[in-house]
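Engineer: Below is the structure I would like to discuss, written out as structure tokens.
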């Protein structure tokens, strides 16, 4: 965020580090706020439940002439049995093949309900290596799912955009004719907005949750609200384990129900994972906006310094040394805006954010590679030049990630 020549920016904190530290601080505040809210909502209920339990324990001890120590010892044995999968009600075996398949599914998807855990040393050792490969493979599967989902959504939205251009007369209706330059630019540079993609993923997640909740209400006997709650906890891979589907000993049409349950959980995890990654783009935009606001005080003098250094073709290193946020964003606003207008790229943001976010993302990639990309260095295969994980998947596929790392 700071660089030389900017007295209001302490140190040499570049854009990446500033974003990281700001996001870490915001997450810490988010955790503190969440802890305060949940403590206010749940603490009283916990104290009341504990008081009721102590009263029941005392009444049972007096009624059956048992000491509290003996009774607590018996309850500890019950807790150990519960951890081993023993329940008072009739439940299906935890470690038959279908139960083990359900378990490994919760392992590789990182849901981890916790109702089934390995008890043997061999099982625990095998879980470490099995989870290492399984979790990595499943994350790759989720990223590939996200890539194909974004591709399909972009294709559909691009087709709709093309139809709108045809209705407006911007694109020729005769597809046999070669498109004019303006027509090609208006289509080639067009990318779907992250907001529309997020809306589509949100609707898909809601549809899956509603359908699954109706199924769980019928088959598990849960309330509809508890079913919706379970769908989110499972699909987001939080996996508390307070509610777990497909655990009863018998179901009507058991085979079909277990298959549909597996399908709903898998599709729910894929959609929620994709939606989380799209939301992360919006969070990144917010962090960038905060950084620009924090750095706006030193914008005028830093921009003038950048423009002077850009005119000096003999010393391009001045640009890289002045790694102030305003330098990396606003200093090249005019030239990049013209380029984006010529390409016809649509970015669904207000004018103040339209260019600056894309410039931030472009400059991040340039700074990571030691400066603007040159012809001699562009041919090198850099595994991380396009980003890591889901950010790499969505790189240049959405309007708001054009030029992203």
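Keep in mind that glycine also has a Cβ here, set from the backbone N, Cα and C atoms.
Per Swiss-Prot, the feature K(+) 4 binding site maps to 110, 237; the stated evidence is similarity to another entry. Positions annotated as K(+) 1 binding site by Swiss-Prot, on the basis of similarity to another entry: 110, 111, 237, 238. Per Swiss-Prot, K(+) 2 binding site is recorded for 111, 112, 238, 239. Marked as K(+) 3 binding site by Swiss-Prot: 112, 239, 240. Annotated N-linked glycosylation site per Swiss-Prot: 59, 65, in sequence order. What Swiss-Prot records for 95-115, 224-244 is intramembrane segment. Summarising the annotation, Swiss-Prot assigns region 'Selectivity filter 1' to 110-115. Sequence annotations record features per position, and here Swiss-Prot assigns region 'Selectivity filter 2' to 237-242 based on similarity to another entry. Under the heading topological domain 'Cytoplasmic', Swiss-Prot lists 1-19, 146-193, 284-405, citing sequence analysis as support. Under the heading transmembrane segment, Swiss-Prot lists 20-40, 125-145, 194-214, 263-283, citing sequence analysis as support.
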Engineer: Using the centroid of the Cβ atoms of 112, 239, 240 as reference, list every other same-chain residue with Cβ within 8 Å of it (recorded K(+) 3 site), in sequence order.
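Structural biologist: Once 112, 239, 240 are set aside, the remaining close residues are 106, 111, 113, 114, 233, 234, 237, 238, 241.
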Engineer: For the transmembrane segment (194-214), which partner among 20-40, 125-145, 263-283 gives the most CB pairs under 8 Å?
Structural biologist: 263-283
Engineer: Excluding 110, 111, 237, 238, please set out which residues of the same chain place their CB within 8 Å of the center of the CB atoms of the K(+) 1 site, keeping sequence order.
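Structural biologist: Apart from the listed residues, the neighbours are 106, 109, 112, 234, 236, 239, 269.
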Engineer: Between residue 65 (N-linked glycosylation site) and residue 238 (K(+) 1 binding site), what C-alpha distance do you get in Å?
Structural biologist: 43
Engineer: Pick out which of the recorded positions 59, 65, 110, 237 has the most other Cβ atoms within 10 Å of its own Cβ.
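Structural biologist: That would be 237, with the most Cβ atoms nearby.
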Engineer: Identify, in sequence order, the residues in the chain of residue 239 (K(+) 2 binding site) that are 6 or more apart from it along the sequence and have a CB within less than 8 Å of its CB; answer 'none' if there are none.
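Structural biologist: Within the chain, residue 239 (K(+) 2 binding site) has Cβ neighbours under 8 Å at 106, 110, 111, 112, 113, 114, 233.
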Engineer: Which sequence-distant residues neighbour the transmembrane segment (20-40)? Criterion: at least 6 residues beyond either end, Cβ under 8 Å.
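Structural biologist: Distant Cβ neighbours of the transmembrane segment (20-40) are 13, 283, 287, 290-291.
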Engineer: If you count, for each of the binding-site residues 111, 238, the other Cβ atoms lying within 10 Å of its Cβ, which residue has the minimum?
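Structural biologist: Taking 111, 238 as the binding-site residues, the minimal 10 Å Cβ count falls on 238.
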Engineer: I need the neighbours of the K(+) 2 site defined by 111, 112, 238, 239. Which other residues of that chain put their C-beta within 8 angstroms of the C-beta centroid, in sequence order?
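Structural biologist: Going along the sequence, the neighbours appear as 106, 109, 110, 113, 114, 233, 234, 237, 240, 241.
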Engineer: Using DSSP reduced to three states, classify residue 59 (N-linked glycosylation site) as helix, strand or coil.
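Structural biologist: Once the DSSP labels are grouped into three classes, residue 59 (N-linked glycosylation site) ends up as helix.
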Engineer: If you count other Cβ atoms within 10 Å of each one's Cβ, which of the binding-site residues 112, 240 has the most?
Structural biologist: 112
Engineer: Please compute the mean pLDDT of the model over the region 'Selectivity filter 2' (237-242).
Structural biologist: 92
Engineer: Treating G and I as helix alongside H, and B as strand alongside E, what does DSSP give for the region 'Selectivity filter 2' (237-242) in helix, strand and coil?
Structural biologist: 0 helix, 0 strand, 6 coil
Engineer: Between residue 238 (K(+) 1 binding site) and residue 59 (N-linked glycosylation site), how many Å separate their Cα atoms?
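Structural biologist: So the alpha carbons of residue 238 (K(+) 1 binding site) and residue 59 (N-linked glycosylation site) sit roughly 37 Å from each other.
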